[in-house]
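Chemist: This is the structure I want to talk about, given as structure tokens.
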Amino acid sequence: MNKFLILDGMNLVRRIHAAQPNEADISGLKERVHGACKKLLKFHQPSHVAIVWDGNAISWRKALYEDYKKGRKPMPEALSNGLGDIKSYLAEHHIASLEADSEADDVIATLATKLVSIGGEAIIVSTDKGFCQLKHPNIKQWDHFNQTYMTVEAMEQKLGVEHKQFIDYLALAGDSGNKIPGVPGIGPKSAVELLKIFRSLANIYSSIEQVGSKQAKKLEAGKHLARLSYKLVQLQLDMPLNANLKQFRLPKANS
């Protein structure tokens, strides 16, 4: 079985860079990123590896909602200028890049689901909780910085909702990290309570007369934002990959 290690490029590199943010020379960062990749390869023993990078095009999410990810700090100039060197250095060590047009998340999700559909296994290396919506026994998510798997069970326990309610939960409660609005006035606690009673976002709105008047007003006023947030949270699984599995296969000595 093909075992594919999929690295969320900017998630990995920016976290490593944040440990020494004032470093002007990119060579040190380059070595630390490569060191992290070597550790990941040794631990997971994949047959294939790719590091997926965000592109410069405006994402469909940003086009749909202008405030999406608003307020995030821009990439430090030294890091931005050195990304090409990092990619080239990793390629020299058999870690090929896959460039997304805009956000890497949808490309990673598409790649992972396509792999498991043909009998492979995908390990996504990222701390982004959005990947928790990809529930499949052969898709795993690894948090490199805490050296642990981000499991569906852990996510359910942390949020207080079932896996199938994950997108509904974020549609109601929002996601401050990505500036996904959710329904104003419906925070995490209320979202959990509503989903325990009504089981889904659709059921909440179809049974709105059974919701307390205070919450019902908030839900009605924020209905368009709930729908918008639901769309923004969902990962796209049909992105064009323009890549061949063979180009990501590791040499026998590395796999």
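Just so it is clear, glycine is given a Cβ too, placed from its N, Cα and C backbone atoms.
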Chemist: Per Swiss-Prot, which of 143-148, 185-190, 209-214 is region 'Interaction with DNA'?
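Modeler: Residues 185-190 are the ones Swiss-Prot records as region 'Interaction with DNA'.
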Chemist: Name the residues of the same chain, 6+ apart in sequence, whose Cβ is under 8 Å from the Cβ of Pro181 (K(+) binding site)?
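Modeler: Listed in sequence order: Tyr65, Asp67, Gly174, Leu225, Leu228, Ser229.
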Chemist: Going by DSSP, give the three-state secondary structure for Pro181 (K(+) binding site).
Modeler: coil
Chemist: Near Asp105 (Mg(2+) binding site), which residues of its own chain have a C-beta under 8 A away, given they sit six or more steps off in sequence?
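Modeler: Correct list: Asp8, Asp128, Gly130, Phe131, Leu235.
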Chemist: Around the K(+) site formed by Leu172, Ala173, Pro181, Val183, Ile186, which additional residues qualify by having Cβ within 8 Å of the site's Cβ center?
Modeler: Ala171, Gly174, Gly182, Pro184, Gly185, Gly187, Ser190, Ala191, Gly222, Leu225, Ala226, Ser229
